[in-house]
């Protein structure tokens, strides 16, 4: 094989040119293969193809000549796509990232924290938790903007730390994203219960899974457009609820009640005793605040959702730095704005809220907004809000389907999952990874034998632990990445995003999340509240992740998996490919290897 290119004529799809230096495997029927200046040898052997400009990485398995020749007849060769496409614009990135964070927790589950801690504790706890999230976000932004590939922080764990941490982090993050799919499916079911419950919980499950699958197998640009509009709708919902709060607190309601900040004055800080024993105890206020802080650690997320889009973003080193900055500001505004508003519209001592929490009532009836609307005799608006909440939950589940499938795809690329999961369809969608991620939706069937609210609580505990572990991993990976970059910075391109206060910023995030992992299930240790099931849902992921790390490092690798030498870490292959893409997209600010 003496030349670099050949042309393949697809049946019904025109001609595509493949660059030998970039492309790896697809399965399709080829109408004809036409040599370009001797790319194919006379024997007719088929060589390796490495990328399709509009379709992602492909591979053609090499077949030696066995007396056959290539002619114009249609023949089938085993080829399959193994790379996603860069089709997402800045607006897609920002809205998809916001969509992955904002679900029903911000509008419904927040009522439990309000009831336990009071409005002031709720607002202060969320504001406080935004500090470590900011530290983690800027640390993530620095390494992801420098290395914008599929599953970047997981791939950097392999490259900069060791394989054992990468394996543990990959499986934990995939589990985190997958388990949130049934969480949102159950949330939709609980919201529907606001109107009626005389139906099988399997119906909304089936409908959502089919819709998630149909959306996920489309080209990523169509997924981006759909999620852009769904996320826009969620932002409109949040802003609409802010407007509702402002108007009604000034008397714009059927009761003409100018309630203002009455609920803040009534019980700004509320005592909470998990075991019900409040005799002679003054720790109730602290435990109320702690309950709000634990809720914040579940609800607030940040840069990891942007990072999962990095491998499919156009001009990533131009788009991602802006996205990280803008998304954090917008999410902080939405989180803190929601905490302020629920404390204004609903009292933590409201009888309906108290009954909803104590009786574990399913549905949006436990949403402080819906309770406030009913108290003010606003009849139609609760139904509208509930419809909007269903859309919000569906959109969040859609985003988790995307993130989980791309995570598993990245794991397969690194060899931590079977290679079959690297296969993509012609649109660059990792279809097998989508399928295995959606299998987790079946977990939502647990609600057939238990109260939906109970199942939601189980999932919340699992998600909280996994999310905190993921934050710890992000900080560890960043510290190792920073060490490698500073050792090699004279031979590497500039950082597109430079965070401040490092390494102390990352250390703050690391310590905060490590402490919260230990705290988040503390109530299970009260003598009256010990429950093996609750303990497992709170701390099982900690033991599983430790087991994966230790097992892989000392059993699978027999202790030979050592920390990477920062002087030997090679970023050049991935960065060269990113440079080539950005040059084709007329963005040349961070050129380095091409100039060299």
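Glycine too: its Cβ is placed from the backbone N, Cα and C atoms.
Quick look at what Swiss-Prot lists:
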- 1-94: topological domain 'Cytoplasmic' (TOPO_DOM)
- 95-115: transmembrane segment (TRANSMEM)
- 118-138: transmembrane segment (TRANSMEM)
- 139-165: topological domain 'Cytoplasmic' (TOPO_DOM)
- 166-186: transmembrane segment (TRANSMEM)
- 187-199: topological domain 'Extracellular' (TOPO_DOM)
- 200-220: transmembrane segment (TRANSMEM)
- 221-227: topological domain 'Cytoplasmic' (TOPO_DOM)
- 228-248: transmembrane segment (TRANSMEM)
- 249-288: topological domain 'Extracellular' (TOPO_DOM)
- 289-309: transmembrane segment (TRANSMEM)
- 310-326: topological domain 'Cytoplasmic' (TOPO_DOM)
- 327-347: transmembrane segment (TRANSMEM)
- 348-379: topological domain 'Extracellular' (TOPO_DOM)
- 380-400: transmembrane segment (TRANSMEM)
- 401-427: topological domain 'Cytoplasmic' (TOPO_DOM)
- 428-448: transmembrane segment (TRANSMEM)
- 449-459: topological domain 'Extracellular' (TOPO_DOM)
- 460-480: transmembrane segment (TRANSMEM)
- 481-505: topological domain 'Cytoplasmic' (TOPO_DOM)
- 506-526: transmembrane segment (TRANSMEM)
- 527-534: topological domain 'Extracellular' (TOPO_DOM)
- 535-555: transmembrane segment (TRANSMEM)
- 556-596: topological domain 'Cytoplasmic' (TOPO_DOM)
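Cβ atoms under 8 Å from those of the transmembrane segment (380-400) belong to residues 96, 99-100, 102-104, 107-108, 177-178, 180-181, 183-185, 187-188, 191-192, 194-195, 208, 211-212, 215-216, 226-227, 230-231, 233-234, 237, 240-241, 244, 305, 364, 367, 369-370, 373-374 of the same chain, restricted to positions at least 6 beyond its ends. Per-residue pLDDT, averaged across the topological domain 'Extracellular' (187-199), gives 81. A Cβ distance under 8 Å defines the sequence-distant neighbours of the transmembrane segment (535-555), meaning residues of its chain 6+ beyond its ends; these are 162-165, 167-168, 171-172, 175, 458, 461-462, 464-466, 469, 517, 520-521, 524, 561. With Cβ pairs under 8 Å as the measure, the transmembrane segment (289-309) is packed most heavily against 95-115, out of 95-115, 166-186, 200-220, 228-248, 327-347.
Spatially, the transmembrane segment (228-248) is not adjacent to the transmembrane segment (166-186); fewer than three Cβ-Cβ distances between them are under 8 Å for residues at least 6 apart in sequence. Shown for the topological domain 'Extracellular' (249-288): DSSP residue counts in helix, strand and coil, namely 11 helix, 0 strand, 29 coil.
Counted over residue pairs 6 or more apart, the CB atoms of the transmembrane segment (95-115) and the transmembrane segment (327-347) come under 8 Å in at least three pairs, which marks the two as touching. Long-range neighbours of the topological domain 'Cytoplasmic' (310-326) within the same chain, counting only residues 6 or more positions beyond its ends whose Cβ lies under 8 Å from a Cβ of the stretch, are 84-90, 93-94, 97, 137-138, 140-141, 144-146, 148-152, 220, 303, 406, 410, 428, 496-497, 578, 581-582, 585, 587, 589-590.
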